[in-house]
2 protein chains.
Amino acid sequence: MEATHSIGIVSAQRAQFNSPLACKSGGILPEYELVYETYGSLNRDKSNAVLVCHALSGHHHVAGYYADAPKNIGWWDNMIGPGKPLDTDRFFVIGLNNLGGCHGSTGPISINPETGKPYGAGFPFVTVEDWVESQARLADKLGITQFAAIIGGSLGGMQALQWSMAYPGRVRHVLAIASAPRLTAQNIAFNDVARNAILTDPDFHGGNYYAHGVVPARGLRLARMLGHITYLSNDVMADKFGRMLRSGKYIYSYDIEFEIESYLRYQGDKFATYFDANSYLLMTKALDYFDPAREFDDDLNKAFATARANFLIVSFSTDWRFAPERSRDIVKALLHNQLKVSYAEITSTHGHDSFLMRHAHYHDLIRTYFNNIASEFTA
Amino acid sequence: MEATHSIGIVSAQRAQFNSPLACKSGGILPEYELVYETYGSLNRDKSNAVLVCHALSGHHHVAGYYADAPKNIGWWDNMIGPGKPLDTDRFFVIGLNNLGGCHGSTGPISINPETGKPYGAGFPFVTVEDWVESQARLADKLGITQFAAIIGGSLGGMQALQWSMAYPGRVRHVLAIASAPRLTAQNIAFNDVARNAILTDPDFHGGNYYAHGVVPARGLRLARMLGHITYLSNDVMADKFGRMLRSGKYIYSYDIEFEIESYLRYQGDKFATYFDANSYLLMTKALDYFDPAREFDDDLNKAFATARANFLIVSFSTDWRFAPERSRDIVKALLHNQLKVSYAEITSTHGHDSFLMRHAHYHDLIRTYFNNIASEFTA
């Protein structure tokens, strides 16, 4: 029997940090807030905490829904809840919005205390390393010295991997899903096109569009349209949309002709109404910058030399954004360091987006892995 | 010994057509001009003519160079010339700029005789079928009743295929390289993002930017940047650029950090200075519309039922824009109709752009195929 119970009504919490965060980019955040949610209960010895790291456009609302917005369901609700693969009856789950985001944590839209105006383009470049540092401080505040597991997909997986390197004593299990040890040139290229769409939008105003009462919606829309192409596989696009025409025939117009155009434009338009352009730029740069091997002569083996966690690495067969080969690169480096690692390549037609989908084999895998983790502290 | 001789100095010619062209879209061009170049000599029985069809951003200047611009070398000069794979000592080669283009043939930038102003957004949507019709009229004018061969890569290959269906008696050999019988949803998606970059550029002015003294350079630049990602393979991007940094270290800026960004932005900037945005839109729509199976219940076998030519179909192993599978779809339909077809999948790292590259195996293949064609009329 598949459990489909929701964790139910949840609410966001805030944590204020008054000691400065020195970012890897050289920028300093004198103070900052993190918005987060928690599900389930922390056990007595605080050994059942799981941190969920989000990807490009994710946030702290990972599971459940809000009392005043019952349709606003967390982005990984199919994975997390009572009886779900990451079972909130057994684990204490934390989701947060990363620094630089636009869902409540301190970001470009926040007021810079030094100027009294939004940070805008002045928000420091943030990296995966900075996020992990800020997440560790949040863990300190919650009294969690060691996570049972840290899990993330895509950019979230990079954060989980970074934890294993930066805080080897603070995480027992790392689950990196549809992730990569660093971006390829093609990945960076797509990010750069998306960024240039925003940067060259006349409404961007060098990142200080807030003062002009506009947002670079055209740029954000294009960035999201392009992003969606890379999240889906060629196959699933062919299956879902193919060459289906909206009106059954060619209309010879730049309006929507093909259903795939309708889908992309809808996704782009929606995104442009709620996502902050400066946050989008920062998140894509954080992706580009992540490269733990870089400080070790491009040797990923050395980068993982400090890691002590156990790992589950998961990839999806049709993911061409972060292809299975990239996950295997991670696995090889972990094995080189004689770490315990399980690897699964899930056959799925959904491309990179597979990590967010309900998929029996994939969910069984995550469920089993967490069951094993639970047996460590309930035994 | 590899022949590297250029055809030398060439010059463009013009042909005026005064009978209207009724486009498949319903639009009508009351009159039009085609600009073209020819290389080599038409033999006495006019049996050695080869038509070269161009792709998205190509034109009539296929080989050689201009007396007043010796560095302006034709886009397929490595393939066409004396002693080259398509040998101008034996063949009479014609290249033209397609209708709707921006290199001299009638297009959006041309004056609409009915209004005295540029066609702009009022230029009819043109299709591969329309281009073939206009090419046939040019052939009439040149006294060519049957081509020895028609060759093209990518969108050019689609025109070559269309010739075999529309004018089975007028072409003996069709060479369709890095082509496809129709675009996939993913192909259309990339085109739609590129088009939306142009359409939403405030300088586009609904396609009538000429009257405003501006061009939608930001949109064109983005379209070209995105295009280039799809022309190259993931592998060649990794080999040529990888994660190479322009200044050897992270600069934490939206300026160029990675060499791949420098390459893409340079290509985008260059393109925006010379290519007409309305032409770009029309060319991408022509790509989207081409689908000969559509009028035959999506049965490509039926679409080729009228064809009588012999075929050489060529694909490239790392071409993910028009993948080898798409070429094999063509081959299967040709075989179903018991046509003579040769197929080669060339191992090349260069992705879709391979068809433009000097590559020994590929060029040997084309050379041998044309040698065999030449033996038909010289024997």
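From the backbone N, Cα and C atoms, a Cβ is placed for every residue, glycine too.
Annotation comment: TrEMBL describes B:48-342 as domain 'AB hydrolase-1'.
Sequence annotations record features per position, and here TrEMBL assigns active site, nucleophile to B:Ser154. DSSP assigns B:Ser154 (active site, nucleophile) to coil, not to a helix or a strand. If you take the C-beta of B:Ser154 (active site, nucleophile) and look for same-chain residues 6 or more apart in sequence within under 8 angstroms, you find B:Ala55, B:Leu56, B:Ile177, B:Ala178, B:Ser179, B:Arg321, B:Phe322, B:His352, B:Phe355.
The feature substrate binding site is assigned by TrEMBL to B:Arg224, B:Asp353. Cβ neighbour count for B:Asp353 (substrate binding site) (all protein chains, 10 Å cutoff from its Cβ): 21.
What TrEMBL lists as active site is B:Asp319 (among others). The 10 Å shell around the Cβ of B:Asp319 (active site) contains 28 further Cβ atoms across the protein chains shown.
TrEMBL lists B:Arg321 with the feature site 'Important for acyl-CoA specificity'. Using a 10 Å Cβ-Cβ cutoff, B:Arg321 (site 'Important for acyl-CoA specificity') registers 23 neighbours.
Taken from TrEMBL, the feature active site applies to B:His352 (among others).
Across the fold, the C-alpha of B:Arg224 (substrate binding site) and the C-alpha of B:Asp319 (active site) stand 18 Å from each other. According to DSSP, B:His352 (active site) sits within a helical segment.
Averaged over the domain 'AB hydrolase-1' (B:48-342), the predicted model reaches a pLDDT of 97.
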